[in-house]
Amino acid sequence: KDRKREMAQNTSTFNCSIDEFKHYVYPSTYIIFSVVGLIENGFSFYIFMQPHKKATSINIFLLNLVVSDFMLVCTLPFRAAYFLMDGHWVFGDIMCRIMSYTLYLNMYCSIFFLTALSFLRYLAIVHPCKYIKLRTIRSAKIACTVIWIFVVMATSPLLLNGTSKINEKEKCLEITTPVMKKIVVMNYVVLFVGFIVPFFITSICYICILRTLLKPNVNHSRMRVSYKKATVMVIIIMCIFLICFLPYHILRTIHLEMLQPTATDVATGCDKVNRVHKAVVITLCLAVANSCLDPLLYYFAGENFKEKLRRIRSLRHGQQSMSKIGITKREAGLYKKKKATVSS
């Protein structure tokens, strides 16, 4: 009897559907984020790749963040198409595996890169004369390589989940009953290693940074500019954590717990599960939005970003001016030629 009851609960929970809600929210959100993200991150990548005399460790992390975000926004049109086609996947099994993998690869690469940036700013502001070797370009490249290798390996189990056939439709990006227990265990490991620890480190770094910034002993104008940039970075990174990542991790954990067979009452379970599931859909959209918010970090806190942007603008302005001068000279030549013809 207990076994039958558990199976009934399990079936009931997985029959709780919000397909209509997902098919309405996801496509519009993903299309907007893919267009905005491709423009922002494509342009940011172009700016970062411009030659500059002084490379910085901050820019190394930001460039890797751009690459991570660009990878994600390139997959969003496929996700949008899936939900526009009423939850029918037509892009093949391999592409399905790449979809889930890329989303979480980006999410946790972003979290670790933002944490590394926080720690770097902490060292520069709180301990400006210490740990200089940790702030070199070589150290930044090593740290980025380690982050990529760790996240690529940690998220690789997602490549095992491909398409599944349900009601004559090829399904992708869906949680299925056989892997439920594994997903719950994996979620807690990822929650701790991939979010709680980085969020704790970031919070501690910024408490220490803000304490230093609030001290009334910053007189040097150049130092004030540097500290102002650090303050902006504090605000942007904490906003990204609190808006994009915190709600999703909390609600994802609650939702997965509610999908457990023993956690949901057969009669009243669906209503509760659906409400939480809808909240997860919204918070996942917020998590994806980090790929569009990160460019704010590049513009307001990136080293030499504004300078490179100004240089590109001045070069274009110079080219336009030169072309106008060329047109004016050509017009003047034609006028002189015409005048000479009339005189003769």
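From the backbone N, Cα and C atoms, a Cβ is placed for every residue, glycine too.
Listed in TrEMBL for this protein:
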- 30-48: transmembrane segment (TRANSMEM)
- 40-298: domain 'G-protein coupled receptors family 1 profile' (DOMAIN)
- 60-78: transmembrane segment (TRANSMEM)
- 98-120: transmembrane segment (TRANSMEM)
- 140-160: transmembrane segment (TRANSMEM)
- 188-209: transmembrane segment (TRANSMEM)
- 230-251: transmembrane segment (TRANSMEM)
- 279-301: transmembrane segment (TRANSMEM)
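For the transmembrane segment (188-209), the partner stretch with the most Cβ pairs below 8 Å, chosen from 30-48, 60-78, 98-120, 230-251, 279-301, is 98-120. Among residues of the same chain six or more beyond the transmembrane segment (279-301), those with a C-beta under 8 A of the stretch's C-beta atoms are 18, 21-22, 25-26, 29-30, 33, 36-37, 40-41, 43-44, 47-48, 58, 62, 65-66, 69, 72-73, 76, 103, 106-107, 110, 117, 229-230, 232-233, 236-237, 239-240, 243-245, 247-248, 251-252, 255. Remote same-chain residues near the transmembrane segment (230-251) are listed as 107, 110-111, 114, 117-118, 121, 124-125, 191, 195, 199, 202-203, 206, 209-210, 213, 276, 279-280, 283-284, 286-287, 289-290, 293-294, 296-297, 300-301 (criterion: CB distance under 8 Å, separation of at least six residues from the stretch ends). Per-residue confidence over the domain 'G-protein coupled receptors family 1 profile' (40-298) averages out at a pLDDT of 87.
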